[in-house]
Amino acid sequence: MAAAMLVSSRELAHPALAQPVQLITLDNGNGLTATLSTLGAGIWSVTQLDESGIAAELVLNYQDPAQWAVNPYYFGVTIGRVANRIAAAAFELDGKQVKLAANEGANQLHGGPEGLGSRFWQYRTEQEADSVAVIFSCQSADGDQGYPGNVALEVCYRLNRDNELSIDYYATTDKLTPLSLTNHCYWNLAAKPGADVLGHTLGLNAGYTLQVDEQLVPNGNLLAVAGTAFDFQQAKTIGRDIAQLTNGYDHFFVLNDFAQSHAKRQQPQLAAVLSDPASGRVMDILTTEAGMQFYSGNFLDGSLNGADGLPLTKFAGLCLETHAYPNAVNLPQFPSILITPAQPYRQRTIHRFYTQRIS
């Protein structure tokens, strides 16, 4: 008989936090749990039972809860209104210049200095026969970080018995506005103190990456990955070619079927397969999105400690952030990220966890 699926919650209070954080844990009764946070509608923890029955932590967190007041690495949170970088923190909309709040030099990164990942969200939970879920909601007012329109957002995390953690995004607006959401979770499937991700194997269903300038902002060009350090079409270890790059991976990969048609997907398609050969843990990522930002944790500098008490050093974790083309608001050749009152925002990403026998 299958174990019961459970939803539980606890409160985390700290003087550095504007208000207590509610942590909601989903347990699928099949060895997988996900703990979600009202701060940033974020992923706080994902654990998977190993063969000895020990819960292995698969995501990075801070040792000191005070770090969540600023969250310098964007650990686990929902990013928006627009994920990634917008050149010069500005764009033109309906013939008018829109100026955004800059927070990375002259550019805007991840929605601005007070983006959605820094907000406290409301939540409710659901329990069904084969899944448990938490649904976060918040309101982003007209002019928030410079963006037009009043936007109502929902982010639903659902965990089922098949060890799938899905993220469903939904948003409505009363005015034409750009929107591109993602989750900024850092994964490390090794679940071993001090282990980096360079030995992880990654496969990406992506034949192109977006060319970026020296500030990591896309300039509008697509580059074929074949024969380069960016080629993950055949799975390889992350560390194999990383030395060819100045500072690791921090690039957007365009998924193959989207690159060919730019047609919006109705159902999630396989985008990435991440595995840790040493433990046998595997995570598939399926998404309706155009692509994903693969970030190899290049800016983790050891100045802060992780939940295991050890310094968070370079390559301690990686991000696979599914979202729309970055800087699309300034590049008309990129697919539009504008939503309207008649065309709300909907996207879905699924993380599927399992283990492979170690040879």
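First residue shown is number 1, and so on along the chain.
Note that Cβ sites are derived from N, Cα and C of the backbone, with glycine treated the same way.
Here's what TrEMBL has on this protein:
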- N84, R85, H184, C185, Y186, D250: beta-D-galactose binding site (BINDING)
- H184: active site, proton donor (ACT_SITE)
- E321: active site, proton acceptor (ACT_SITE)
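Here the features listed in TrEMBL are painted onto the structure.
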residue : record                        : Cβ contacts under 8 Å, 6 or more apart
N84     : beta-D-galactose binding site : L109, H110, S180, T182, F252, Q293, E321, H323, P326, N327
R85     : beta-D-galactose binding site : E104, N107, Q108, L109, Q215, L216, V217, P218, P326, N327
H184    : beta-D-galactose binding site : G42, Y74, F75, G76, V77, T78, I79, H110, G117, C319, E321
C185    : beta-D-galactose binding site : G42, I43, V46, V59, F75, G76, C319
Y186    : beta-D-galactose binding site : V59, L60, Y73, F75, G76, G297, A316, G317, L318, C319
D250    : beta-D-galactose binding site : L216, Q293, F294, Y295, S296, N298
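Around the Cβ of the residue listed as 'active site, proton acceptor', the number of neighbouring Cβ atoms within 10 Å comes to 23.
DSSP classifies E321 (active site, proton acceptor) as strand under the three-state reduction.
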